[in-house]
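Participant: Starting off with a structure, shown below.
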Amino acid sequence: MTRPSGLALYAFLYLVFLYLPVLFLPLFSFNSGTIVAFPIKGWTLEWYRQLGGQETLIQALVNSLLVGLVAALLATSMGLFAARAYVRYRFRGKEASEGLVMLPLVIPGIIVASSMLVLFISIGIKPSLTAVMLGHTFLALPFSVSIMKSAFDDFDASLEEAAFDLGSGVVETFRRVTLPIVAPGIVASLLVTFTVSFDEFVLAFFLSGNQPTLPVYIWSQIRFPAKLPNTLALGSLLLLASVALLVVAEYFRRRSAKSTI
Amino acid sequence: MRSDAAKGLTLSAPATLYVGFLVAAPLAILVAYSLWTQTYVSVDRTLTLANYKEAFTDPLVRHLMIRSVLIAGAVTIVTVALAYPIAYFIALKAERKTLWLLLITIPFWSSYLLRVFAWKLILGFNGVLNSALLGVGMISEPLTFLLYNEFAVVLTLAHAWAPFAILPIYVSLQKIDPSLLEAATDLGNSAVQRFLRVTLPLTIPGIIAACLIIFIPTVGDYVTPSLVGGSDGKMIANLIQVQFGAANNWPLGATLSLLAMMSVGFVAILFVLSASGLGRRIR
Amino acid sequence: MTEKNIIRLQGIEKRFGQFVAVSNLDLDLREGEFFSLLGPSGCGKTTALRMIAGFQEPTAGKVIIDGQDMEGIPANKRPTNMVFQSYAIFPHLNVGNNVAYGLRNRGISKSEIDTRVSEALEMVELGGLQSRGATELSGGQRQRVALARALVMRPKVLLLDEPLSALDKKLREQMQFEMRHLQQELGITFVMVTHDQYEAMTMSDRIGVMFEGRLVQVDAPPTLYAKPCNREIASFIGEMNFLPAELTAEKGDTLTISTPCFCAMTIEKNPNVEQTGRAIEIGIRPEQLEISAQEPDGYDGTVQGTVRDVAFYGENVHYHVQVDGVARPISASVPNYFHTVDYRPGDAVWLGVQSASVIDLGQNQSNT
């Protein structure tokens, strides 16, 4: 900014609006009082300590990690191939296919959730972690495709031709040239899709049955005022994890953009 | 060597088929369910329009549907109006664009559920805002209009969707050739005229994209009305969830889902047509 | 250079749907020569090169390399290597690993790979830079790495796709000579694709000129310059004044012609073109014209005119002279011997030409 303008001031206030609400969670998670209100009574780590002993919570965390991992792997591998097709080849129905895989971004959550529940029951998949994994893969796919598309975008096609020209076969070329160059993009996609799944609630709420993921567990705790401090502590940890994952993903995404100069 | 077209089709097939299947199959089954009826414990598979009749005659359904669309519309307008200046600032004025973009997107990566939860804590009767205002003596008793109404829903969603509004507008602003703006000035426009006659019309695609990205999912939002909406802020998604949950009336739930989808589509198409028509009228 | 053919292209053709990129191309390349495919962009030269490399299969015809038909043999199994226009330096590998890339596909021992890589890098004057990162290289260095990476494979033919187009002018001129020397030392056949006529002429033993998918003429640079086979090539390579002429007599290898401006002349017949009828066209290079204030002595043809424009190029000066009976001004170029510009627009001057410098372009195809 060359000079502090009204616009810059507005931008600053906007950031406050964006961040302040979220920052109240960690702030009050250290409050020794049980009511979320000013003034803060005192500081404590008690609420965090208590989290360790809750078995349902640990189980929900394990469920979430498992779902996130599988959804990230599935979405990223499908996204990797699709993005390569979109960037490198021209084929009939390409635009339609590109549009279709972005659709999960704009369908209202409740409709995705209810229709998948109905579908899965009809084809014999009971509400379970498997159902959530399949649903989250669907939701995460657009993120993976767009990240992998930008990873392939600046990837010079003649690099693969050069490898081929120097005697590598198709598999060899993929392993020694393509994969190393788009690897940062793959890592970024894995992290982002994992985060999408890890934070997702509505679909998991409909599809998880009696195997809650972490957000579903939190949802069940929100209703109990007595559990509030614990929920705050858990929520704060979740926030920290998401932001940490994003920062790492961003680092890899930039590396993938930079390495192809 | 296989042809490029064949390679492209093969590579994109898993993603296309996966999404295609998970869009088309549930839709078909939803349609089927909407034509069936729920008897006491099982589903009667005789085809009937009874659910649609019920949905159209039930005042609660109509009320929630209209409210959902209105709330989503309000959220869209508020969010885009608040976001435009930020997108403008980042695209044309800010020096550290990537840093700003990163700052804008980080909150999006925190769990949506937790952000809504945070607003519930802030706006509550004994909440953060009331206690702070009481503490500094600006009010003498807690404000009650903050939580459990449409206001709370709109505020919370406008906060949640901020990055989605900023990014498309930012992209369309970023694409504007600076010489177009110089030309407008050169031809005698003031800064305000130039904004209205050149900048704004050129960013209409971005505005439309932002509006759709916000409006469509918001109509079907479940978490926010549940947590901060109270009884005045309930939306259609809450009713749908009840049908699939406590009421255990899947056929009606399916019908409501389909109707919600159709109203979203209808309003969205109407909006795109009128917005692009408006854009063409600017001279 | 031997007379052995290393590459034979037999009637190759490449279609993309309705579009014919290369049509019925026949070409023999000799072992050890530096050959350039020259033409404007979109003329099919790169497609032709990529069919030799194996990145594209011809829709008709044969590519034969060293006596072996290449049909069905993919790029990674052909005895050719390529220097790409973008250089295609692997960004995730350092210089040494880039150059070693192809050798590792051949199961060669590590010590031999190291030796050959350092030899190749010495050869392109990048000795000792093995551990330099690919993204830390300048444009010229990238080009040298690309050359080393291809040459270390000891290909029978090295293919170069616009290898100098990404470099700035000074560096480009320097690399022209370096690549020429490298090619002569190694004795490997180089096939280069370029749109730059000067690049093609300074580097090549022979040049093939392509227009719209057809190979129009193949000759050594001086022949191409002196005996172009049609008007298109004559104007694509160097500058040319085109003049209409009437064929009055033909005897053996000579033609007697009369032109509207210069007097009657007897010129050498161009075997590359056809004469049918009396209306022919002749070409005169600007540097072959003498310009003077008085009628010059000892020239076969002279004409008087008026200077219209003067263009100062530094190493020479171009005068555009309007002559009665000729629609467009005739361009004459004079070396800048004494740092003077002798004539100004409006000056009356004489042009003189020797009949040996007049190029027979055959039947008049122009509309002017």
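Heads up, the Cβ atoms here are built off N, Cα and C, so glycines get one too.
Below, the features straight out of TrEMBL:
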| type | residues | note |
| --- | --- | --- |
| DOMAIN | B:65-271 | domain 'ABC transmembrane type-1' |
| TRANSMEM | B:15-36 | transmembrane segment |
| TRANSMEM | B:69-92 | transmembrane segment |
| TRANSMEM | B:98-114 | transmembrane segment |
| TRANSMEM | B:121-139 | transmembrane segment |
| TRANSMEM | B:151-173 | transmembrane segment |
| TRANSMEM | B:194-216 | transmembrane segment |
| TRANSMEM | B:258-278 | transmembrane segment |
Participant: Among B:69-92, B:121-139, B:151-173, B:258-278, which stretch has the highest count of C-beta pairs below 8 Å with the transmembrane segment (B:98-114)?
Facilitator: B:151-173
Participant: Sequence-remote contacts (6 or more beyond its ends) of the transmembrane segment (B:258-278), Cβ cut-off under 8 Å?
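Facilitator: Beyond its ends, the transmembrane segment (B:258-278) has Cβ neighbours at 30-31, 34, 52, 55, 61, 65, 68-69, 73, 204, 207-208, 211-212, 215-216, 219-220, 236-237, 240.
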Participant: State the non-local partners of the transmembrane segment (B:69-92) in its own chain: residues 6+ outside its ends, Cβ under 8 Å from one of its Cβ atoms.
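Facilitator: Same-chain contacts beyond the ends: 100-101, 104, 150, 153-154, 157-158, 161-162, 164-167, 169-170, 173-174, 199, 206-207, 210-211, 214-215, 218-219, 221, 233, 235, 263-264, 267.
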Participant: Sequence-remote contacts (6 or more beyond its ends) of the transmembrane segment (B:15-36), Cβ cut-off under 8 Å?
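Facilitator: Long-range Cβ neighbours of the transmembrane segment (B:15-36): 43-49, 51-52, 250-251, 253-255, 257-258.
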